[in-house]
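Database features, via TrEMBL:
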- 2: Ni(2+) binding site (BINDING)
- 73, 76, 89, 92: Zn(2+) binding site (BINDING)
Ligand SMILES: [Zn+2]
């Protein structure tokens with residue numbers, strides 16, 4: 001049900017943006033999902049398609065881009081992108097890391113009419 005709450009937020013966000021731009025229709029929604037957000041792109045896509053009918057996104061296509069996890073090492077200060085779910089600094093091997101991005105969902109782009 002996590003995904004359902006997210007698409008409903010997403011629809012709201014789309015409506016707000018459309019109103020700002022005097023758009024009546026949204027054709028494409030592009031979002032980024034952090035690999036650490038716990039959101040399943042597949043479920044999010046289904047939820048979007050299942051509930052878009054009564055929203056401004058009724059004809060919109062959802063494009064999901066997975067976002068890599070960027071960390072900053074507390075030991076050596078290096079910023080790196082983690083490609084695997086291994087929480088070690090690639091530079092020095094420390095596991096004292098701060099996640100800089102990859103935890104959230106971001107709206108990247110809307111195509112409106
Ligand atoms: Zn390090």
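Each residue, glycine too, has its Cβ placed from N, Cα and C.
Location within the structure of each feature annotated in TrEMBL.
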residue : record              : Cβ neighbours (10 Å)
2       : Ni(2+) binding site : 12
73      : Zn(2+) binding site : 20
76      : Zn(2+) binding site : 13
89      : Zn(2+) binding site : 21
92      : Zn(2+) binding site : 12
Residue 2 (Ni(2+) binding site) and residue 73 (Zn(2+) binding site), Cα-Cα, nearest whole angstrom: 30
Pairwise CA distance, residue 89 (Zn(2+) binding site) versus the residue listed as 'Ni(2+) binding site', rounded so that it is a whole Å: 30
For the Zn(2+) site built from 73, 76, 89, 92, further residues of that chain with CB within 8 A of the site's CB center: 74, 75, 77, 78, 90, 91, 93, 94, 97
Neighbourhood of ligand 1 - binding-site residues from 2, 73, 76, 89, 92 with Cβ under 6 Å: 73, 76, 89, 92
Helix, strand or coil at residue 2 (Ni(2+) binding site) [DSSP, three-state]: helix
Between the residue listed as 'Ni(2+) binding site' and residue 92 (Zn(2+) binding site), the C-alpha gap once rounded to whole angstrom: 36
Coarse DSSP state, helix versus strand versus coil, of residue 92 (Zn(2+) binding site): coil
